[in-house]
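The annotation Fe cation binding site is assigned in Swiss-Prot to C98, H140, H144 on the grounds of sequence analysis. Annotated active site per Swiss-Prot: E141, in sequence order, evidence recorded as sequence analysis.
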Amino acid sequence: MSLREIIILPDRQLRLVSKPVEKVTPEIRQLVDDMFQTMYDAPGIGLAAIQVAQPLRVITMDLAKPDSGGETKREPRVFINPEIIAKSDELSVYEEGCLSIPEYYEEVERPARVRVRFTDLDGVVREEDAEGLYATCIQHEIDHLNGVLFIDYLSKLKRDRVMKKFTKAAKRAGE
């Protein structure tokens, strides 16, 4: 396992539409391992492969919270070629952030419940229902696979401010 660099806004790669994974290979398994290590190190609860410059339809997630003793039992989840096949009319609002848009958070409204179809690391196609933060995170990460960022759900004014801030920061950093 190794840490991978997380690409940061305004990097244009974040707007790429990721390609489907044809088969779960040792290279895909290595990518998943690296994504988990990178996500945990950041720290974050979700990561799309495109965020580590791999335009493949792979996401990793772990919504585990510390227990009363302060210990966190990890609950790693992998979704290969995920797609939302159903969503509720009911909406919910969560404050979202993104490892590719560091230290910026805004409330985003999304369907409260979704049904997702995906392939697991064993190559088995599965379907799963998700609600609450789980549903929000799945939608956020699948958006990444389609070149969509959570700031795209904000007003034009807020979105433009965020883009300006991160574009200036990238110029200062010499990118």
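Cβ from N, Cα, C; glycine included.
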**Fill in**
Counting across all protein chains, other CB atoms within 10 angstroms of the CB of the residue listed as 'active site' number 23
**Request:** Tell me the Cβ contacts of C98 (Fe cation binding site) under 8 Å, same chain only and six or more apart in sequence, or just say none.
**Result:** Y104, H140, L149, F150
**Complete:** Counting across all protein chains, other CB atoms within 10 angstroms of the CB of H140 (Fe cation binding site) number 24
**Asked** If H, G and I count as helix, E and B as strand, and all else as coil, what does DSSP give for E141 (active site)?
**Response** helix
**Asked** Using the Cβ centroid of C98, H140, H144 as the reference point for the Fe cation site, which residues of the same chain not in that list have Cβ within 8 Å?
**Response** G46, A48, Q51, E96, L99, S100, E141, D143, L149, F150
